[in-house]
Amino acid sequence: MVKKRGKNLPAQDSLDAEPVCKHLRKALDEGSVKKALVNVEWTVCQECQADNKEKNNSDDELVEDPSVWLCLKCGHRGCGRNSASQHALNHYNTPRSEPHCLVLSVDMWSAWCYLCDNEVPYNRSSRLGQLVDYLQRKAKAKSKSTDSAALDEEVKAEIVAENEVKIEDQEEKPKGQAKWDKASSTQNNSTEPTVKGLSNLGNTCFFNAVMQNLSQTPAVRELLNEAKTLKKPVTVPLPDSSSPTNVEVHLEQQPGPLTLAMWQFLTEMQETKKGVVTPKEVFSQVCKKAIRFKGYQQQDSQELLRYLLDGMRGEEIQRVSLAMSKSLQNTLDEEEIKKIVKDSEKRRTIPNFVDHLFGGELTSTIMCEECHTVSLVHEPFLDLSLPVLDDVIVKKNSQKSSAPAPERKEEEENDDGYIKERDEASPGASKHLQKKAKKAAKKQAKNQRRQLKMQGKTVLLTDVAKQECSEDEEEIAPNNTESEANTRPDDEVPIADGLNTMKSDLSALENGSETIESAMERVTEDTDLDTSGHNTESVEMNAMELVRNMENNNNNNTDVNKTLERTEGSGVDSMEATAAVDNGNADTVCVDDTEAANGLLDCSAASMDNELTNSLNRLKLSSDIEPTQVEIEILPDQQQPHTQIYEVINEDPKTAFSTLSERKDLPLDGYSVLSCLYQFTHKETLTGNNKLLCNVCTRKQASRLNNSNKGEKTFVYTNAKKQMLVSDPSPILTLHLKRFQQNGFNLRKINRHIKFPEVLDLAPFCTSKCKNIPAGESRLLYSLYGVIEHSGSMRSGHYTAFVKLRRPNQQLCEMVLKGVIPEVSGSEPGQGSWYHISDSHVQAVSLSRVLSSQAYLLFYERML
């Protein structure tokens, strides 16, 4: 009995049946390409090579090596459109009977169709994928042979040159002077910057690109050398409540395994004479911190960078905390020591080299338009994730209601990313696939109904939230204070997501669809939300306000999921709210959600609701209280949280949103990093569902109601203005361009070129009271020294690095190590040469080639 061929075909065959590019069949000729690439130089444009031979260029003239594109019809090798000659584009424009529109970049291994003017994912076509695999194998084999030959010649030349120098020195100088010069030259050579390739351990290009940029950050090596020094005195500021203000500890323990592996890697990159380094030890330590990187799968460079920095940060904080406990054990009790160490970790007063180099601070300013009360929310960051807007998204959203289904499918094919509905079945799919798609659609609808049902049940908490916890009344009542203002989160990532999840878990428990253990596990996980490098909202100080804003947390699902995943192996965020006004008295309310969780696990199911409600009620402050200093702290079950400071200030509303320099003259032309920063820091208006819960206006209305003998209290929501600016710039500024976007089940990558400058002025995006800036300075300049580029699509791609080889910035190192800020900032970037590194392949490039790359991560260092 013969089986039907189409019945058990895999899902990938349905993708191959409909290639992205409709010109693929006529524009691809495997035989001609293989014949044309016999005994030729792959990485050189054949027309430029012929022109150079005719012109006989001199050796002192620097000729740029542009990117080479291979015609997949005839095997022609031409330079790209970013070069001066554009031989590949001219080859396509030459009239022929058959199109030569399909080309392949031999540097990035990405296919492009000139007719479609779009990238072609070669993994969706068996013919194109097999040809690209064949070319990659041939290119690797050829590069290994040429690299080994070139390496032998370089080694021989170095040996001859060293022997000649030794002979001349021995003849001209005395013996003692020659020995001293030899030792000093060896030391100078070890600190001289170098560029080396990295071995690909198996789909680890995302890791290699990050390590290349970190290896060209000289301050990292200086800080690691200092951290490796044992018995080094470290001064740790203690909380204000303790008797001593500072404590000096001596670090007698070695740094953690990840920190040591990083130090060994940077030392090998700087001192080894090998052309290629294998970063196996560092990668294995990262995999131990975050098991998601195991298995040699394609990963994200920005996530790898965050896991790496957070891992080293957590190890250093743990080492300093142990030294603190040991130094205080002779003067304080064990319980007091634990409290001090825990409070220091929560307030982020424990010094560590990661925060010193990459850490900065953002300030979100919120002003009520009714009473003009100004509140500030301070939060730290390690990198800035900038939104990348694309006109394709706006166009598709505007045409969703009017365009029919066939036109939508045509738009998806012409788009520059991969977009596919998860519940969509192809027209030629089998009955099994169609049935599977229907089940997925039903499951999605069921989940949506359950979410709506859960949101409806959480409204019941508003009545419970009005009651005061007895413990909090005893602690707050003596001072009769009240917090000034609360904010409702807008459509960005909210810091109250963990508390919203607690209320959702309570509704699930009422419905009987979830156990206590699973609910509390998700509560402790969701409250550990990492807010570094992402937009976060102000601290929620009222349980009723949190309940009413659960429906506003659905827009940035990708960032929330991404951030939650980062909490597996690193320190996580906590919130510290501080309201400072005229009265100097202070009260503190501490809520430990992990301790509450442990207590709830011991309770029965009947007492679960009451305990969880009490934990939520602790966030609601008494309405009888005058404004003083109030602190709300949620202590996570992690080593080192990121801290947020909420304060209400008396400031002139006219200067509340002032910046370090004017924003009017910014060149916001097209798609650029300046446009992304402007969008990230633009002033918003909180209206509608995002209105501000202002306690000042609420207190005024409550006083009027009391005069009219109406006992029921109502909360006042007002329109407000909000702006997020940089208040403490980091020495190393890392910018993450969010090219990968997810809207529901739609996945896409924005392949559009984003302009980025060599010198970036961050002053228009900083507050007027920015820290660590000389007095009277109106500029904050950063110099570009590293770029991570991603080429490819959502489903497959390749990460490469551009690094600037330069001498270390001594002023920046002194600022990071000693905290010395020079009075005058630098105005010109340091001299250096740029290199493009793709795993083990290193190539010198020009600055124009760097600025034309498709950047995903940008590394800037402060100019001092």
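Placed from the backbone N, Cα and C atoms, the Cβ positions cover glycine too.
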Annotated companion of Cys45, Cys48, His87 at the Zn(2+) 2 site, Swiss-Prot, chosen from Cys74, Cys79:
Cys79
Between the Cα atoms of His23 (Zn(2+) 1 binding site) and His798 (active site, proton acceptor), find the distance and write it as a whole number of Å.
24
Could you say whether, by DSSP, His100 (Zn(2+) 3 binding site) belongs to a helix, a strand or a coil region?
coil
For the binding-site residues Cys113, Cys116, which Cβ has the most other Cβ atoms within 10 Å, all shown protein chains included?
Cys113
So among Cys71, His91, His798, all listed as recorded positions, which is physically nearest to Cys21 (Zn(2+) 1 binding site)? Use the C-alpha atoms.
Cys71
Write out, in the order they occur in the sequence, the residues of the chain not among Cys71, Cys74, His91, His100 that have a C-beta within 8 Å of the mean position of the C-beta atoms of the recorded Zn(2+) 3 site.
Leu72, Lys73, Gly75, His76, Gly78, Tyr92, Val103
Ranking the recorded positions His23, His91, His798 by other Cβ atoms within 10 Å, which is at the bottom?
His23
What is the number of residues in the zinc finger (19-139) that are helix, strand and coil, as DSSP sees it?
45 helix, 17 strand, 59 coil
